[in-house]
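Straight from TrEMBL, the features:
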DOMAIN    129-293  domain 'ADP ribosyltransferase'
REPEAT    357-390  repeat 'TPR'
REPEAT    399-432  repeat 'TPR'
REPEAT    440-473  repeat 'TPR'
REPEAT    482-515  repeat 'TPR'
REPEAT    524-557  repeat 'TPR'
REPEAT    566-599  repeat 'TPR'
REPEAT    608-641  repeat 'TPR'
REPEAT    650-683  repeat 'TPR'
Amino acid sequence: MSQLDAIYIFCKNKSRHQEWAQNWTKIKGIYTTNKEICQALQLAVKQCDQDSIVISFLMINEITSTDNLNQLESTFMYTQLFKEILLDTEYDHKAMKNLAACCREVFTNNPIELQIINEFEHDYLPERAIWWYTRECFTYKMLNQALRILDADIIINMGFFLCDIHKQIQQLHKQQVSTYREKSFVVYRGQGLKKSDFEKLQKTKGGLISFNNFLSTSKDKEVSLDFAERASSKPNMVGILFIMSIDPCIESAPFASICEVSYFKEEEEILFSMHTVFRVNAIKQMNKKNQLYQVELQLTSDDDQQLRSLTDWIRKEGDGTGWQRMGKLLLKIGQFNKAEDLYSVLLEQTSDESGKALYYNQLGYIKDNQGDYEKAIWYYEQALKIQEISLPLNYSHLATTYNNVGAVHKNMKEYSKALSFYEKALEIDQKTPTNHPHLATSYNNIALVYDNMGNYPKALSFYEKTLELLQKTLPSNHPDFAQSYNNIGNVYMNMGEYSKALSFYEKALEIRQKTLPSNHPSLATSYNNIGAMYKNMGEYERALLSHEKALEIRQKTLPSNHPDIAQSYNNIGSVYRNMKEYANALSFYEKALEIQEKTLPSNHPHLVTSYNNIALVYENMGEYLKTLSYYKKALEIQEKTLPSNHPSLGTSYNNMGFVYENMKDYSKALAYYERALNIWQRALSPTHPHIKTVKESIEIIKKKL
C-alpha cells in the first residue's frame, strides 16, 4: 500500500511482537509507553517536514543563456516574486484579524489549535516571530504547507508573519556576524529526496538550487546524518546530507542562530530566510549499500553574476510595486478568485483615473477567464470610458482594451463584434515599430476569430505572422510561444491534419510544464488538445489519460459550473463513446449538458456540442429517433448563429444524412449529404477526409434509390 508510509506498534509486551514485525519494512518500532511512542511520532513528523521542503533545481545551462531563462522551474520564479512582493508590502492592524479568521476556519474542529490561535492573536509581537514559527503549531504547519503548494490565499494572509520572521533573521544576523570573525563555517541538513528530484539534483552540479521555504539547518552533523539515513531506508527516497559552506558576511542571504529566540532552545539550529540559493559544488555517494549521498553546497551572494542576472530577469516578469505586483503574480499562477478580491479592493481605494482603468481591465480579464462574459464586457467598457477621454487615439493601452473586449466577444461567439474590436486594436498597433509585441497580439487575435469562423487558411496566415514576430522578439521558450503553437495546432486539427496538430500541441505543453504551476488552467488546455488528437488518431487510452488530467486541473481551479469543466466532461464522454462504453459516455455527456443548460444562453454553440454528443451515443445504440431529436436541436442553433458555409454546418447535415440512411429514408439522407458536400467543398481543402467520406456516402445512397 503506497499511501501507508510507516507503522508504529503500541502494546504491553514488546518481545511478543518483535520477531514477526521484522518481516515488515514499514514497521518502524514497537513501544510500550506513551512517552516512547510520542517521541517516535514527533521524530517521524519532523522527518516528514524535512523531506517535504520544496527545492528548485537550476542547471548551469539554464542560467547562463538568456534564451533558457524561461525554462526555469516555475516554483523558483514564483517564490522569489512572492518573497519580494510581500517584503515590499505595508500591513495594517487588519492583517492579524484576517489571519486569525483564516486560521480558525482551517482548524474549526481542533480545540487545541483554536486556543493557540486565540493566544497568537492577543499576544503576538514581531520580535517573537521566530518563537511562534518554531512552536510547531498552526503557524509552522500552515506557512510551510502554503509555501510548498503556492497557496496564494494562505501566503497573503500570513504575509506580515512571513515578513516578521525574515526581518528577525536579518536583525539576528547583524547582531551575530561579528562572532564569526569573517570566517566561513559549515552547517548541515539531512533529508530525503524523491528519486525523480535526486535525478534533477545530479544534473544540477555546478548550477544553483533554491530552498523555497524557510530553511532549518544544524551545526550538529550527527543529528543531520540521522535524518538522511532514515530517509535512505525508504524505497522511493534517496537520503541526502547537505554540507553547506557559509560566508557570514553575505547579507543578501540572511541566516541566524536561533537557539536564544526559538521555542526549542536546546537545539543548535541555524535558520535561513525563505528562497535561499546555493551553488552545487559536489555530489558524493556515502554508502554503496544504500541510497545515501552527501551534497556540498556554497551559499551564493549578490556578487554571483549568474544569480544577479537571473533575479533581474524575474523582477522584469513581475514589474510594478506592492499589491499591483501581487495581482499580476496571482494572474500568472491562475489564482483568479484571489486576484479578483485584490483588484476589487484596489479599485475601491484609488481615486486616480488611470489606476481605475488598469483595475477595470484586470477585473475584466479575470471575469473573462471565469466564464462570466457579460461582467467582463462591463468592466472593459468602464476602462474604455476612461481611456477614450484621457488617452490619445493611438495610445497602446487603448489597443490593449480593444483587444480585451474583442476577446470576450470571441468567447461569446459574437465573431463580427470581436473582429471589429480587434481591427481597431490592429490599426493602433500598426503605427508601432514592426516587431512590437502588441502587433503580434493583434495578429493572433484576428487569427482566432477567422479560426472560429471556419476560415482556416486566413487563420493560419495570421497565426504564422504572429509566430514570425515572436521568433524575432522573444526567447524560444517564452510562455507566449505556447499559446502560438497551441493556436496553430488548432487550425491543423480543424483542417484534419492531426499529426501536425499533435506536434504543435506537444510543443505548447512542453513550454507550459516548464513555466507554469502544475494546476494552471493553460496546462488543462494543452492536455485537452492533446487528448482530442489522440482520440482522432484512434489512441483512446492515451486520449482518456490526457482528458482526465485536464479535468483534474479544472476541478481544482474553476467553479463547479464553469464551461471548461463541461467541455472536459464532453471530451471524456467522446473517448468512452469511441471505446464503445456507451453508458459511461452518456453519463459524462449529460453532466456537461447539465452545466451548460444552467449557465449558457439557449443558442450558445457549446450546447450544440453536447446535443451532438448525446445524439452520437444514441446513434451508436441504434436509437435513431432520439438521435434525430438531438441532432435537430444542434442544427437549429447552428443555422441561427453560423455563416451559411461554415464547416460545422456541413458536419451537422452529414450527421442528419447518416441517421436518415440508417432509418432507410434514402431521399432525405441524400438531400442532407449533398448539403454537407456543398459546404465542405467551399470551406475545406480538396484533400480533406470529410469530402472523401461524404462522396462515398452519396454514391452508396444513389445505388439504393
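Note that Cβ sites are derived from N, Cα and C of the backbone, with glycine treated the same way.
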Could you count the residues of the repeat 'TPR' (608-641) that DSSP puts in helix, in strand and in coil? 31 helix, 0 strand, 3 coil
Suppose you look only at the repeat 'TPR' (608-641); what would the mean pLDDT be? 92
Per the Cβ filter (under 8 Å) with a sequence gap of at least 6 from its ends, the repeat 'TPR' (608-641) is approached by 413, 566-567, 570, 573-574, 577, 580, 582, 585-586, 589-590, 592-593, 596, 648-649, 652-653, 655-656, 658-659, 662-663
Work out, from DSSP, the number of helix, strand and coil residues along the repeat 'TPR' (357-390). 31 helix, 0 strand, 3 coil
Based on DSSP, tally up the residues of the repeat 'TPR' (482-515) by helix, strand and coil. 31 helix, 0 strand, 3 coil
